[in-house]
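Features of the protein shown, as given by Swiss-Prot:
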type	residues	note
BINDING	K5, L6, T7, G8, R9, G38, R42, N134, Y139, D142	ATP binding site
BINDING	G37, D59, F107, Q108, P109, G110, Q111, S112, T113	UMP binding site
Amino acid sequence: MLVLKLTGRIFDEEDLVAKYAAIIRRIGGKVAVVTGGGEVARRYIAMARKGGASNTFQDLLGIYASRLNALLLISLIGDDAYPKAPSTVEEFLDAWRRHRVVVAGGFQPGQSTATVAALVAEAAGASVLLNAANIDAVYDDDPRRNPNARKIPTLTYDELERILKTSVVPGGYELVDPWSISILRRNCVTTYIFDGRRPEYVEEILRGGNPGSKITC
């Protein structure tokens, strides 16, 4: 069983989406995937914000963008995948019982896709979550703002929480959030953070490697 979180930025590059679909088809066992919204979400949210839309409506635009990305991935995976993007945990579980692969986007306003991935891992009873992120690992500071930030190969959720509280500008370091940390920690799910531009790292991790950061309880 594998739970895979894909940053929406992967969907900004056509070849990356196809490569992830091929890997999901190739690996054995059940696979749950949660997709972010990517450039489509950012662009629509920016336009809505400029026009005065509420935060809730902006969240909805992001959710539908993430589900559009989920449907694209579903179409590339083919018959192994549930043909819809579940919109609730209950719908995910129903699909999970009947299909080898289930791909979801966002669930509800105010909830990140990182939290959705944690909820999916919990619901599926997964022990491992792979997070194909927009950076290559966890650092002790945001590496895009601090060129001297230090990469951390292994850490605990408590340590990650301290880093996020002390070193990160909200919304600027898109890995996990407090809700997702709480869910993953209470279920003792091991999370691997790796560079989403390197889909081959999925299989490297499954072989026991750690190309980015490994987070444990």
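Glycine residues also receive a Cβ, built from the backbone N, Cα and C atoms like all the rest.
The UMP-binding residues named in the record, G37, D59, F107, Q108, P109, G110, Q111, S112, T113, extend over a maximum Cα to Cα distance of 14 Å. Cβ neighbour count for T113 (UMP binding site) (all protein chains, 10 Å cutoff from its Cβ): 29.
Within its own chain, Y139 (ATP binding site) has N146, A149, R150, K151, I152, I163 as residues 6 or more apart in sequence whose C-beta sits under 8 angstroms from its own. On the backbone, the CA of T7 (ATP binding site) and the CA of P109 (UMP binding site) stand 18 Å apart. When the Cα atoms are compared, F107 (UMP binding site) and K5 (ATP binding site) turn out to be 14 Å apart.
For G37 (UMP binding site), the same-chain residues that are 6 or more apart in sequence and have a Cβ closer than 8 Å to its Cβ are G8, G62, I63, A65, S66, N69, G105, G106, T113. The CA atom of K5 (ATP binding site) is located 15 Å away from the CA atom of Q111 (UMP binding site).
Counting only same-chain residues six or more apart in sequence, the Cβ atoms lying under 8 angstroms from the Cβ of R9 (ATP binding site) belong to G36, G38, E39, N134, G196.
Rounded to a whole value, the Cα-Cα separation of Q111 (UMP binding site) and R42 (ATP binding site) is 16 Å.
Summary of the UMP site environment: with the site residues G37, D59, F107, Q108, P109, G110, Q111, S112, T113 set aside, the chain residues having Cβ atoms within 8 Å of the Cβ mean position are G62, I63, G106, T115, V116. P109 (UMP binding site) is 15 Å away from R42 (ATP binding site) when you measure Cα to Cα. A strand conformation is recorded for Y139 (ATP binding site) in the three-state DSSP classification. Comment: ATP site residues K5, L6, T7, G8, R9, G38, R42, N134, Y139, D142; largest CA to CA distance 24 Å, whole number.
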